[in-house]
């Protein structure tokens, strides 16, 4: 501060005008030249362009104040105004440095203000702090606010002229100011008969802005503001006498979007394409007057994304014009895409151009960000997180709005600061707009950017270290680095990747032979990631792949690397188990190298595999090793396995250290080099692992030929052969475990469960966790752990709606409900199961011998498929996804299926079936060609209450409850007021409260649609393995049924043939035994004091059949274990004559001595006669009759199982009712019968007759007279099961409890003879046999009794049958003390008893 200034000089007071001129930046912004990137009008291109211009913000502001005043006239205009505003005319004369702005509409009163005593135009244009915007109680949507406005333009002008026409007062006003509003003329008033208008003409004082003339930059900026008015004011706008071809905001936006994609390229140094046809396109763009539209082209918006067909541009995403428009009260929005570098916005508040945006722009953008963020991250699942800032950079938003009493950050009004709650209106973007944005290239651009960004980040993460870091690797657990890795000898080093830690240990044992200098070992944790289509997140989080890159010295940024120079290891060796999973691991590693460094695969010697035997066989000094199961199977088919010792090597861990040392000592013969033979190698790798080539993989699997395998005698293996001869076995296996077979409807895991249950004869309850161990042991299940098998068992026992129509296992415990779709099942260690009562009727045990059983590691396991009586694939449906294939088949009603089977047998047309789900109360309706819709039940109780009593199939109660909670808490679209959930684990009951108006609207739209009570059952993807194990897609359910019926009849032919040969075998054995005994009795054959060899030779010469000739019934497959057992007894298997051994006559020579009697001969002759009669019956029966008899038994068994289920449910419901009635009702318990000591030791409560029936297949009549309807149904089923043609069921008034059967000697025994397979004179085949060997000593069931006919005082007489079998084969059956049936013909009644399951 200067010391010589006086106080008066230091402290001054300025007038308002002096202050404005002295400090202009406070009022109009800077008056200095600024260079800034702005949108301006390009006269040559006739559109907006963004470029750097040099201008003075203050000059721009004084022009803006005048044109905003003109726009305010339109904003203040009332509906049906007498003087509507129609146009704004602006003249900008750069040469004369003069600007004028004219507008019509409601004018300024040409009258004297009584307080100011001057004319009103004079006051508002020539007096500071005057305005009509000071009443804050009034809601105004104008641009003016503070009372400066046009006065600032006046102050910064050399000349300022105002002209006004007042039609109501018939006067015209004109007044001129000059020299920065310091001088003014007297108002000039004259009479006027025209319409209202206001015209302001001014000459800016360019000296105040450091300018001498108006240059092109300021002109282009002012022209742009004129176009702004045309787009935001909805009036005609003229510039220098020419009307602007902009009619509305949409056409205004076109001035930015058209060809600006090319401008963005220009900014990056690329060429620009001109397009001067905007005016015509603007006219077209206004043809659609809808409030909401979306366009991706220059064509009229029709809501459908289209490509820009401009011939000057390529039709690619970069050239697409996105224009998504929505118009609401006081708001108009257009959403487009930016170039991704930064967020762009063009916005207006009350016609003011807010160049920096503000709260109104954020208000709109935040709505877009919320939806885009959710969708983008969902589509980019597994990739890098896409944040709101990233998404914002891809948006270009145009906003034109009217805000009540807006506030800005400064007088320059570049940024709106009004809070959204004070906007005076709301603009919630519609769902249609949001959806159109999500479908537009905006989202795809965001995802592309995210992927590009991810690649950059990934390269940083995966980039190999420095050369020094490559010499020694530290910090990688379990790596056994080669001593020479990273050194000058690194090209000679090999990294061995092993499948697991145990394989690594075995490998190290082998390395003790060849040394550690040139070999490193790194164990893989399991299967590598499929990097072909892996996400960013997957790659970034996969430490194992990163470690492999580091160990090898591979750099992900060097995709063209084609040699091994610079690597820490010159080659890579894969050491995995020789099974399907091992092949998959090899494929994944090959896929990884091919994805990142395809050229390395062409380098011979870079990639190899170490192979170990999967099977070894030895016989004496002979030893063979097999490297694939297929190779072993081929050898086995052409070899007599007698005497061979066979050892299976499940994994690398099976080999001993000694064997691994042996392998490495001969490493050349255990090493196969992968070889690149051409482009087909790369194509086959891509086909096997690319998600985009699903159809190619389908064709690949369809052309699969069983028996083609890699020849391990060859030391080179092409990648093409690896994929097509080894990897395909894994893909085939993956599909087999996911897609069921048409014959039994089972996947391998389910088939193993059924096989284990049948083998264990699971009649009594068994804990699921224990059953899993048994099944794994007896079916060679070792692929996916116990948890997977446990879930399979649980699924097979589930009974809730949407699960099984027929459950083949009993759910003894909590096996899940429709509450959570079975996910609420208890742990396997808490629940029990057993075979359901209908299972053995459907999977008839007499089909077991004709099935083709699989063999794994010499162990007989489950069959290729079972052959049920009815097609269970249609009964319970299926769902699965495998390699290249998926399948879905809905459930169907077993009654409809059986009816169609009968039509098939009778050669009648089949009737199409509609899907059916047990206990489902809703509707199932066809939706056309794709399938069916399942529809729940919703009823209107009153005008504000709804009740939902059924949900669609596969829509679970808990999920639906969460859906209702969303409807309740959704602030934007709250549909319901409240809901009450009274659903149980079985039944659905939701009571919903709604606003009556919303309920009525929902009814109009459709309650089932609004409340999502529909689900789809597709019938277009019925893919199954056919009987020949080929994948087949079936068009309809009837195609499946026809295929099944054809194969089922063939199976009955096989069953019949088997039983005939079985009877013939037994007949031949009886005949040989009879001949043998008679020979000994008649001294025709002397067996004592003879060697076995001599005796066998004599038997053969005398025509006795060796057992191997009799045993033609035995299946062709001879299981290896039998041969191994035979190898342990060489004496018995020594060939005596013509291939005959001692064992071939054991069936004769091992007969007990007391059998060598004439009585036995008579007995055998009787048996022989019976066998001949049985054979005659069997040969005469047709396979169709056999099937119909089986179907009858199946129907009865299913009905019985269903009635038991309903009875149990009814009992449960009784408990629920009793609980509601109070404690007193619960005290009424049925008095239990006092148990005997024997019964107590067996846990002998026998009150649950239905459970007793299910477990033992014995029949017991319910004597409780107060039986409910469901109980009667159960009893009716029991009666049907025990009914015999010649026994009146009314005579069976007492309990019938029988567990014994007759053997061929007419003795009561536990052994079931073949005749038990023939139910009646028509040779009906039974499906309800009882295997009494399964009776458990720890069973809690009461032992059934056979009454002693000699005990007249038997206390159990009223609860049992007395059977008296005399020497004349007469059988007396005592039903009650006074009722006895005598039957002379043994075989007839015997068959009748057997029909009862005895």
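Including glycine, each Cβ sits where the backbone N, Cα and C put it.
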Which listed span Swiss-Prot calls region 'Interaction with DNA', if the choices are 992-1001, 1002-1011, 1012-1021, 1022-1031: 1012-1021
Helix-strand-coil residue split for the region 'Interaction with DNA' (1012-1021), DSSP-based: 0 helix, 5 strand, 5 coil
Nonlocal residues around residue 829 (site 'Transition state stabilizer'), in sequence order (Cβ under 8 Å, 6 or more apart): 767, 768, 769
Predicted model, mean pLDDT over the domain 'Topo IIA-type catalytic' (739-1191): 87
For residue 881 (site 'Important for DNA bending'), the three-state class that DSSP assigns: strand
Collapsed DSSP category at residue 830 (active site, O-(5'-phospho-DNA)-tyrosine intermediate): coil
For residue 881 (site 'Important for DNA bending'), the number of other Cβ atoms found within 10 Å of its own Cβ: 13
Pairwise CA distance, residue 830 (active site, O-(5'-phospho-DNA)-tyrosine intermediate) versus residue 881 (site 'Important for DNA bending'), rounded so that it is a whole Å: 30
